[in-house]
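In Swiss-Prot this protein carries:
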BINDING   R33, E34, D38, R146, R147, G148, H149, T150, E170  D-ribulose 5-phosphate binding site
BINDING   E34, H149  Mg(2+) 2 binding site
BINDING   E34  Mg(2+) 1 binding site
SITE      H132  site 'Essential for catalytic activity'
SITE      E170  site 'Essential for catalytic activity'
Amino acid sequence: MNANTDILSLRVHAALDALRRGLPVIVADDADRENEADLILAADTLTVPEMARMIRDGSGIVCLCLTPERAERLQLPPMAAENGSRYGTAFTVAIEAAQGVTTGVSAADRTTTIRAAIHPDAKPGDLVRPGHVYPIVARAGGVRERRGHTEASVELARLAGFSPAGVLCELMNPDGTMMRGQQVQDYAERHDLPQLSVAELAEWLQREPA
């Protein structure tokens with residue numbers, strides 16, 4: 001094991017430790033792809049304060065990343081019959097919890113919706129459509145098949161010992177531009193959050209399949 005391997009392993013395990021403690025991880029994708037950093041949480045540990053953080057510090061578009069099996073079980077059809085998005089992000093129709101919410105917009109309501117969707121006994125009727133939470137279906141092959149935030153969030157949740165479902169939101173600057181580079185670094189240091197890239201996770205999984 002060389003020094004680079006040690007550093008990579010430390011970064012991955014720091015991210016998993018944060019997720020186990022209910023804290024978000026900052027995950028960046030490739031500079032020649034979206035070149036954005038997302039706050040990612042394991043859906044099982046989501047709390048109202050962490051949802052509020054995502055809404056406050058992110059784009060406001062909070063997504064629930066699911067396996068194909070869970071999306072099929074909940075009968076979540078694609079948002080569009082033909083996916084024309086640049087990177088093939090597999091959005092389904094937006095959702096809301098059928099019970100326990102008001103307008104569905106608040107941090108508490110969105111947390112309730114996500115908890116309803118990931119409950120072990122969740123059924124299609126537990127959700128209404130459309131809503132204010134945006135499910136995305138991860139590829140079955142994870143980051144080995146598609147190097148996206150969606151797949152990374154599901155992989156990280158699974159590796160941390162939770163159900164394979166993640167919550168994410170893109171980090172945004174107060175002026176409405178996307179956080180990148182040093183801005184992301186400053187945010188991570190200010191909030192003491194670990195950082196990881198999708199590429200690093202894919203490399204680690206290739207060497208240490210889990």
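A Cβ is built for glycine as well, from the same backbone N, Cα and C atoms used for every other residue.
Everything Swiss-Prot records as a feature, shown here on the structure.
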residue	record	Cβ neighbours (10 Å)
D38	D-ribulose 5-phosphate binding site	28
H132	site 'Essential for catalytic activity'	18
R147	D-ribulose 5-phosphate binding site	19
H149	D-ribulose 5-phosphate binding site	29
E170	D-ribulose 5-phosphate binding site	20
- Of the binding-site residues D38, R147, E170, which one sits closest to H132 (site 'Essential for catalytic activity') when you measure Cα to Cα? E170
